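Enquirer: Input: one structure, supplied below.
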Amino acid sequence: MRTTHIEDRDNNSLENKHTDHIEGVENGKGTQEPPSPSGFGGHLIDENLVHVEGEDKVTWYLCFLISASAIAGFLFGYDTGVVGVALPLVGTDLGGNELNSSQQEIITAGTTIGAIFGSAILGGWGDHLGRKMAILISDVFFTVGAVIIASSYSVPQIIVGRIVLGVGVGGAAVIAPLFITETAPTAVRGRCIGVNAFFIPFGQLVADSIGAGVQNMHGGWRLLFALGAVPSLIQLLLFHYLPESPRILIVKGDIDRARNVFQRIYPTATHEMVDYKLRVAQEYVAATTALQSGTTFWERVKKVWKTGSYRRSIIAVSVLQAAGQLCGFNTLLYYAGTLFGLLGLSNPALGGLIPAGTNAVFVLIGMSTVDKIGRRGLLLVGVPVLLLGLVWNIIGFYYMCKPTGGFLDTSYSYDTTNVGIVIGGIVFYVAGFGLTYSHLVWYQAEYLALEVRSMGSGVATTVCWIANLVVSVSYLSELETMTPSGTYGFYLGLSVIAFVFVVFCFPETKQLSIDETSLLFENDWGVKRSVQMRKERHETRKRFKDVELAEAATAHFEARQQKSASVSPAELSKFMAGLKGGKRKPQVLV
C-alpha cells in the first residue's frame, strides 16, 4: 500500500534541521540557548501539519481523562451554587438566631476569599507541583471544607469551612482547564475544555435540584454541604489512574512517559507519527521555558511583567475573567433563594433552577459550536445578548418595583405579570452568559505561553475571584441602596466596557495549536495576527492537500498504465473530483 502524506514529507525535511536540539531535550538537559519561536524560518514545526490518524476523534481514553478532570468543574459549580439554596434553610442552627444579610454575605464570600488564595498559590506553583498533584491537593481541601461546613454549629465555624473549601475551588478553577488544554488534541480541544466548563453550571444545577428536594427536611442544609465531599473523593480515586500533562513531563525530562501519554491519547496513530507529535511539543517546550531557567519566582514575575507578549496575554485573559464576574451573573447563584423569594415564588430553591438550568443549556450550545464559530466569534455574538438581557432586567425591575418606591419589599405581593417579565429578562440574560463567559473564560490557558501558563492562569483566576468577592459582598447592599434597576444598570456599564475590550483586544484561537496561540501577543493584542495566522494555515493545508491529491491521482493512473489500461481526460477529471469531494481516499493499492 502506498499512502501519500504531505505532513510526513514536510516533517522529514525538518527532522535533520532540529536533530541536535531535539536530542538535547530528550536527554532531559535542554539547551543553553533555546531557539525563539521565530528561529525556524519564522515558525516552529506546525502541529496542524503533523496529522495523526484519529486525531479529530474523541477516544474512550480521552473521554475518561476529560471526564475525570472535569469533576473539578462540577465541584466548582456545586460548591459555589449550593450556598444560594442552603443558607435560607439554616434557620437558627448557627447560634440560635436567624442569619442577617451581613452574615449571609460573609459566609458566601468565605469561599471566594479561599479561592483567591487557592488560585494564586496552586496556580503559581502548578509547574513545580505538576498539574496532577495540584488537582489532588485541591480535592483534599474540597473534602475537608465540606466536612467542616456540614458539622458547623456557629457562624465562625462555617466561615472557616467555606474558606478551606474555597482554596480547593480556586486551585481546581486554575489547574483543571489547564490540564485539559495541555492534553487534548487541537481538533477537539475546544469541546474538551467545554466539558469542564459545562460541569460548572451542571454542578450548580445539581445543587439547586437537591436543594429544592430538601426544603422541608430538618438539617437539610447540612446534607447539601456534606454531599460536596463525594465528587472530590471520586476524583481522588480516579486521578490515581491518570497521567501527568505530557508537556510537564517534557519539562521535567521524562520523555518516555510523555511519549506513552501521547500514544494513549492517539491510540490509532503509528509510533512514527506519535514521535512527530512529541517532537513538536519538545520544540515549543524548549523554546518557551527559558524564562524558568536559573531565576527565582520573583525574578520571573518581574520578567513576565516587563515582557510585552506575556503581559498582554495575561491582561487579556484577566479582563475576560473579570468581565464574567462583573456582569453580575453569580449574584443569581449566591442569592437565588433570596431573590426569587422576594419575587414571590413559593419555593425559592426551585426558582434557583431557572438560571442554573438556562446556563447549563446554553453552555452546551456554546461548547458544541466553539470549535466552528470560535472563542472570539461566540463573544461577539453572545455578549450583545447578555447586554440586551441586562437592559431587559433594568426595565423589568423598574416597572415591577414602582409600587414599592423602586426597591424590593418582602412584604409586598408584586403583580405576577411583572414578575414574569423580570424572570424572562433573567433567562435572556443568562442565555447570553451561558453562550460566552460561563465557559469561554476557562479557555484562558490557550492564550498563555507554557512558561507563564500556570502563573498566568493563577493571576487571571485570582482576578476572577477578587471580582467575584466584590460583587458577592455588595449585591444585597446594592439592592437596598441602588435599587434593583440601578444595580443591574451598574453591571450593564461594566459589561459594555468589557465588550469594547473584547472587540479590539481579544484574538481568536480557533484552528491554532496550543503552542501557536502564545505567539499571538508578540507585537500587539493579536486580533489581526490571529486572522492572518489562520488564513495562512488554511492556505498552507489547502496547498498541501492539492499536492497530496495530485500525487494520489498520478500513482493511480501509473498503476493503470502498468496494466496497459488507457486513461481518458474525462476519467482523470472524474477521479480528481472524487478525491476532492471526499468520495475517494488519497491512497492507492499498487
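Cβ coordinates are placed from backbone N, Cα and C, and glycine is handled just like the others.
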Enquirer: With Swiss-Prot as the source, do P88 and T417 lie on the same side of the membrane?
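Expert: Both are annotated on one side of the bilayer.
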Enquirer: Annotation N-linked glycosylation site in Swiss-Prot: match it to one of N11, N100, please.
Expert: N100
Enquirer: Long-range neighbours only, meaning 6 or more apart in sequence with Cβ under 8 Å: which ones does N100 (N-linked glycosylation site) have?
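Expert: Spatial neighbours, sequence-distant, of N100 (N-linked glycosylation site): none.
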Enquirer: Looking only at the recorded stretches 58-78, 158-178, 421-441, 456-476, which one has the largest tally of CB-CB distances under 8 Å to the transmembrane segment (193-213)?
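Expert: When the Cβ pairs under 8 Å are tallied, 58-78 comes out ahead.
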Enquirer: What parts of the chain pack near the transmembrane segment (106-126), using Cβ distances under 8 Å and only residues at least 6 beyond its ends?
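Expert: Hits for the transmembrane segment (106-126): 79-80, 83, 87, 99, 134, 137-138, 141, 145, 155, 158-175, 178, 297, 334-335, 454-455, 457-459, 461-462, 464-466, 468-469, 472-473.
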Enquirer: Within the topological domain 'Cytoplasmic' (442-455), how many residues are helix, strand or coil going by DSSP?
Expert: 12 helix, 0 strand, 2 coil
Enquirer: Note the mean pLDDT of the topological domain 'Extracellular' (79-105), expressed as a whole number.
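Expert: Averaging the confidence scores along the topological domain 'Extracellular' (79-105) gives 82.
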